[in-house]
Amino acid sequence: MILRRSSVFSAFYLHAFLLCLRTTVSDASGHFELEILSMQNANGELQNGACCDGARNPADRKCTRDECDTYFKVCLKEYQSRVSSAGACSFGTGSTPVLGGNKFSTKGTRSEKSRIVLPFSFAWPRSYTLIVEALDFNNETASESGKLIEKAYHSGMINPNRQWQRLTHNGPVAQFEYQIRVTCLEHYYGFGCNKFCRPRDEFFGHYTCDQNGNKTCLEGWTGPDCNTAICRQGCSTEHGSCKQPGGCKCLYGWQGPYCDKCIPHPGCVHGTCVEPWQCLCDTNWGGQLCDKDLNYCGTHQPCLNGGTCSNTGPDKYQCSCEDGYSGVNCERAEHACLSNPCANGGTCKETSQGYECHCAIGWSGTSCEINVDDCTPNQCKHGGTCQDLVNGFKCACPPHWTGKTCQIDANECEDKPCVNAKSCHNLIGAYFCECLPGWSGQNCDININDCKGQCLNGGTCKDLVNGYRCLCPPGYTGEQCEKDVDECASSPCLNGGRCQDEVNGFQCLCPAGFSGQLCQLDIDYCKPNPCQNGAQCFNLASDYFCKCPDDYEGKNCSHLKDHCRTTSCQVIDSCTVAVASNSTPEGVRYISSNVCGPHGRCRSQAGGQFTCECQEGFRGTYCHENINDCESNPCRNGGTCIDKVNVYQCICADGWEGVHCEINIDDCSLNPCLNKGACQDLVNDFYCECRNGWKGKTCHSRDSQCDEATCNNGGTCHDEGDTFKCRCSPGWEGATCNIAKNSSCLPNPCENGGTCVVNGDSFNCVCKEGWEGSTCTENTNDCNPHPCYNSGTCVDGENWYRCECAPGFAGPDCRININECQSSPCAFGSTCVDEINGYRCLCPPGRIGPDCQEVVGRPCIANGQVTADGAKWEEDCNICQCQNGRIHCTMMWCGPKSCRIGKARGGCPASQSCVPIKEEQCFVKPCPSLGECWPSAPPPPSKCHASFSYQDDSCANITFTFNKENMPQGLSVEHVCNELRHWYLLKNLSTEYAVSISCEPSSSASNEIHISISTEEPRTDRSPIKDITVQIIDLVSKHNGNSTIIKAITGVRVHQIPSPKTDYLVPLLSSIFIVLWIFALASAFLWCIHRRRKQNTHSNTATSATEDNTTNNVREQLNQIKNPIEKHAAHGVPIKDYEGKNSIIAKIRTHNSEVEEEDMDKHLQKARFTKQPAYTLVEREERAPNKNPNWTNKQDNRDLETAQSLNRMEYIV
């Protein structure tokens, strides 16, 4: 889409105006400068024909007194098609001091007196009208208004430029030449000096400004504000970044100048990586760190003297030596002297290691190949250079020395080396010249430079012999240019201006309200009113302030305000947005979205479309095209048409005026012909028909038709009796050479539809909107500042731009979020939520899927809310799930809640109170203000508790040992217990059984906690308590989980139910008793039978003893394993500890079936530990039931006391 450019500026309010009254601001955005180049008043006359001073000579009618005192006055105002002197000089006025007499020229000089500077603080309109008056200063009356010598009118167009444009006025009385230019102040650019751009190189930007005021990023920076650094070329965009140009900072795991190389595993020697921390071995290298050389022969070539190398293993090799060599690397030669290895006359002698050379004099080295350096140490003295020879040396002596070792001094004064000296003195190894004053150097041939910075203020020092002379710059004098000529001595500044003396000049520091070179100008900055769009102008001391309407901003209120750049807007449609406002009761104000630019009005259409109604003078889809009102060529007589908004302006050629340049300026209106000559008007000229013998262009001479001002622009005048004829210089024509032959606009230098306007000997281009530059060659960047919202991409065109929107957005400036819910994609009563480039459906209970198209089970009502089927939530320590209308929760008793002492009920439920925990319940001290929520009546004790002795298939007791240093302070026993209730294995168990966990601190060890786990009666033969104990051991041994409490566990003791022994004695005695009663009569026989049974009993006892010995033999083999911890029971029965290296095999010996015993062994074998030291298995101990247990501390090796019968397995980390 094509849009009109819209700039964004900050808004000002009335309080900003009050602030401006106290703030010093720039007093202009540019200057109009005019400089007088030359003046020629041949006769010293005024415009009315009178002499400047005195009367005429009656004989030759020439002025008799001194010449005119000429100065100039300038009036600059808006462009006038018909120039009038009436009215104010709206753009400014100024004057020069007296510059000279009748004839003078300032060309080639740098005098500021001939220059007038008119500052302006508004957008320069380019077209202007200039009135220049040459006046005669009246020395006698010193009147402020001088007498008019000549007046020049010029209407034209000029663009800001550093180059001067030269203009010439050829009047009937005098001719003068001047030049003009318009320059913008620093940081101001554009045809109107109203584009601000200040270079910066800091956090908010790094750029300079080109000749048109556009930002040009410094090297290494990019982005709209040039604050995005360009990284080093080749820097990986995925693994590197930078904050400074040329940088490349790597992410973790990457390295290299371009961050494209991964960091290998630490210690990786001969390996590479594809991803960080890998070590992929190079060829012929192996090992975890690629440090094992698999091809030592290939990489090191250790075998010498032709030996053959064979790889025998990583970092190992073997050399097979050639005949005549031996050693590990074949480095030892056999019969080495046969090859005559000793060079340079050396004698060879064989040794056990090979050979040995006895070298001739002057040679050394293993084979006598090295020439002995006889120059070490250096034999040459006094800096002589030593040259080594065979068994000798030669010295190259420096100047002043001779001899074999440079030990003899030479007399240098014999050669008369001193030039400007009194005498020469021979020294040892040198000579000395006694120089004359002003000379230096070893030979007194250097003139001493006496210029040591004595000349001040830029003076040039000229060196003399034994002296100097200062050449002072203008403005300074004195022997060392130390005196500044005070140009302020004459007090040139007016209206209270303060004079500041400068080098060869001065500067007036004007008070508020005055300006000009001498502070002679009093300017009202609100005349003409620079504020646009109905804004009120306030004139300040040295500036003006525009109070803009709500919808405009900028220095002159010339730009539509984009409210949505600084505040959030609600998009109503493509034409309207709503912004917050205090001016309406609703708190919002509806404004235009500026889609149609500053020259159109947006009309919203159905379906999110819109149309633009253009202002007069504009057309196009977005009113971006200014209608060319110059298409009909309305300007006549060589006038140039300048297209404006719904109007045009004609810039007339010299000699023409009027709206369409249809009026020939009457050059005879000022009666230029003297002595009753008749004036005839020409185009930009006049002709005088002289009478009574008068001659010259204005009938002012008796002698000749020609004078210096007759022919213009360098033309040569020829007197032909009753008339004159001008021979014009190249490029000019006309009776007086005042018409240019070739226009500076031919051929048209302005490109891209620009209009060329002749201005003296130069031209100016009026560019079409969207183009800039001196010849309209540069396309204006309509994408600056970025006009596209929501990450849209701006495409710049010729006075237009197009926004290519990101997915999910639309509209001419990508401000409209596409509503994907308009098509109602969500079905079955669901709610559609619009998102960026998508939508989301909020499904009702019973439905799921992207569009709620899938049916699910019935919902549940939990805590007064409808919950979808399959949803899960937590209730205290339990997890609940809705399954087709029914709620299923885990059955874990959550224990008492924690609370804070001192608060109202401490956060406990209404039926409970916060009870402080006991000292022994604080596991990791201190526990300040900790409490637990309990009801007023304590619950009945459970038969399965950590402090009770009851155990069965639904109750288990476990003791955990902790490392408190790894646990946080303020941890109570109940905190630990609550953490255990959240273990996943107990969670899984609580889905099938009701589970209760209680904890009590150990009375014998401060780092132990006794824990009881109870479930409801098992529904099968297999007890869940056995499974859960095995899983707890496996969980703790592998340190699974992220819990701090699990990681702090260092030991586990699991207490199990003893297996009852099978007793055959009771049924045997019962049978015997019955038999005795039946066979009472046979007492003798029964006595015999009784005797025989006693013998059988002895036999069984011997057999049992044999079996016990066999068992003891097995245990004796196990006891051969060294055990670092040994414990003894109270009755002296030893308990053996067995230590496994990587696993634990806990064999619980019972009298149950072998299958069940093997199954239990397999479960216990899961408790494997990957770190040393390993756990220690303590064999179980059986004790009598129904007795309170006395716990044994595994850390102090104390004896076990008598306790209830139980099976105990102890694991020590």
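Every residue gets a Cβ built from N, Cα and C, even glycine.
Long-range contacts of the domain 'EGF-like 1' (227-260) within the same chain, counting only residues at least 6 positions beyond its ends with a Cβ under 8 Å from a Cβ of the stretch, are 203-206, 219-221, 275-277. According to Swiss-Prot, the domain 'EGF-like 1' annotation covers 227-260, on the basis of sequence analysis.
Secondary structure from DSSP puts CYS231 (disulfide bond) in coil. Taking a C-beta cut-off of under 8 Å and a sequence gap of six or more, CYS231 (disulfide bond) has these contacts in its own chain: GLY240, SER241, CYS242, PRO245, GLY246, GLY247, CYS248. The disulfide bond annotation in Swiss-Prot covers CYS231-CYS242 (among others) and rests on similarity to another entry.
Among the features that Swiss-Prot reports, disulfide bond is placed at CYS235-CYS248 (among others). Around CYS235 (disulfide bond), the same-chain residues six or more apart in sequence whose CB sits under 8 Å from its CB are SER241, CYS242, GLY247, CYS248, TYR258, CYS259, listed in sequence order.
As annotated by Swiss-Prot, disulfide bond applies to CYS250-CYS259 (among others), with the evidence given as similarity to another entry. Taken residue by residue with DSSP, CYS250 (disulfide bond) is part of a strand. Neighbour list (CYS250 (disulfide bond), Cβ cut-off 8 Å, at least 6 residues apart, same chain): HIS239, GLY240, GLY256, CYS259.
DSSP classifies CYS281 (disulfide bond) as strand under the three-state reduction. Around the Cβ of CYS281 (disulfide bond), 19 further Cβ atoms fall within 10 Å across all displayed protein chains. Among the features that Swiss-Prot reports, disulfide bond is placed at CYS281-CYS290 (among others).
The annotation domain 'EGF-like 3' is assigned in Swiss-Prot to 293-331. Residues 270, 283-287 of the same chain lie 6 or more positions beyond the ends of the domain 'EGF-like 3' (293-331) yet place their CB under 8 Å from a CB of it.
A coil conformation is recorded for CYS375 (disulfide bond) in the three-state DSSP classification, outside any helix or strand. Sequence-distant neighbours of CYS375 (disulfide bond) (same chain, six or more apart, CB under 8 Å from its CB) are CYS386, GLN387, ASP388, PHE393, listed in sequence order. Annotated disulfide bond per Swiss-Prot: CYS375-CYS386 (among others), in sequence order.
Non-local neighbourhood of CYS488 (disulfide bond): CYS499, GLN500, ASP501, PHE506, each in the same chain, at least six residues away, with C-beta under 8 Å from its C-beta. Per Swiss-Prot, disulfide bond is recorded for CYS488-CYS499 (among others), and the stated evidence type is similarity to another entry.
Look at Swiss-Prot and you will find CYS510-CYS519 (among others) tagged as disulfide bond. DSSP assigns CYS510 (disulfide bond) to coil in the three-state reduction, placing it in neither a helix nor a strand. The C-beta environment of CYS510 (disulfide bond), restricted to residues of the same chain at least 6 apart in sequence and closer than 8 Å, consists of CYS493, ASN495, GLY497, GLY516, CYS519.
Annotation comment: Swiss-Prot describes CYS614-CYS623 (among others) as disulfide bond, evidence class similarity to another entry. Same-chain residues at least 6 positions away in sequence with a Cβ under 8 Å from that of CYS614 (disulfide bond) are, in sequence order, CYS596, HIS599, GLY600, GLY620, CYS623.
Annotated disulfide bond per Swiss-Prot: CYS673-CYS688 (among others), in sequence order. Sequence-distant contacts (6 or more apart, same chain, Cβ under 8 Å) of CYS688 (disulfide bond) comprise PRO672, CYS673, LEU674, GLY677, ALA678, CYS679, GLN680, GLY696, LYS697, THR698, CYS699.
Residues or ranges marked as disulfide bond in Swiss-Prot: CYS711-CYS726 (among others). In sequence order, CYS717, CYS726, ARG727, CYS728, THR736, CYS737 are the residues of the chain that are 6 or more apart from CYS711 (disulfide bond) and have a CB within less than 8 Å of its CB. In the three-state DSSP classification, CYS711 (disulfide bond) falls within coil.
Feature annotation from Swiss-Prot assigns disulfide bond to CYS745-CYS756 (among others). The local packing around CYS745 (disulfide bond), expressed as other Cβ atoms within 10 Å of its Cβ over all shown chains, amounts to 18.
Residues or ranges marked as disulfide bond in Swiss-Prot (evidence: similarity to another entry): CYS750-CYS765 (among others). Under the three-state DSSP scheme, CYS765 (disulfide bond) falls in the strand class.
Mapped onto DSSP classes, the domain 'VWFC' (860-914) shows 3 helix, 27 strand, 25 coil. As annotated by Swiss-Prot, domain 'VWFC' applies to 860-914.
Look at Swiss-Prot and you will find 918-956 tagged as domain 'EGF-like 17', backed by sequence analysis.
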Go through CYS386, CYS673, our disulfide-bonded residues, and report the one whose Cβ sees the most other Cβ atoms within 10 Å.
CYS673
Pop the Cα-Cα gap between CYS765 (disulfide bond) and CYS756 (disulfide bond) into the table, whole Å please.
5
If I take the Cα of CYS745 (disulfide bond) as reference, which of the disulfide-bonded residues CYS281, CYS290, CYS765 has the closest Cα?
CYS765
Just to verify a number: CA distance, CYS765 (disulfide bond) to CYS281 (disulfide bond), in angstrom, no decimals.
71
Report, as a single number, how many Cβ atoms besides its own are within 10 Å of the Cβ of CYS259 (disulfide bond).
24
Which one of these disulfide-bonded residues, CYS499, CYS750, CYS765, has the sparsest Cβ neighbourhood, judged by other Cβ atoms within 10 angstroms?
CYS499
Including all protein chains shown, what's the count of other C-beta atoms within 10 A of the C-beta of CYS756 (disulfide bond)?
20
Calculate the distance in Å between the alpha carbons (Cα) of CYS290 (disulfide bond) and CYS750 (disulfide bond), and round it to a whole number.
72
Cβ-Cβ neighbours of CYS248 (disulfide bond) (radius 10 Å):
19
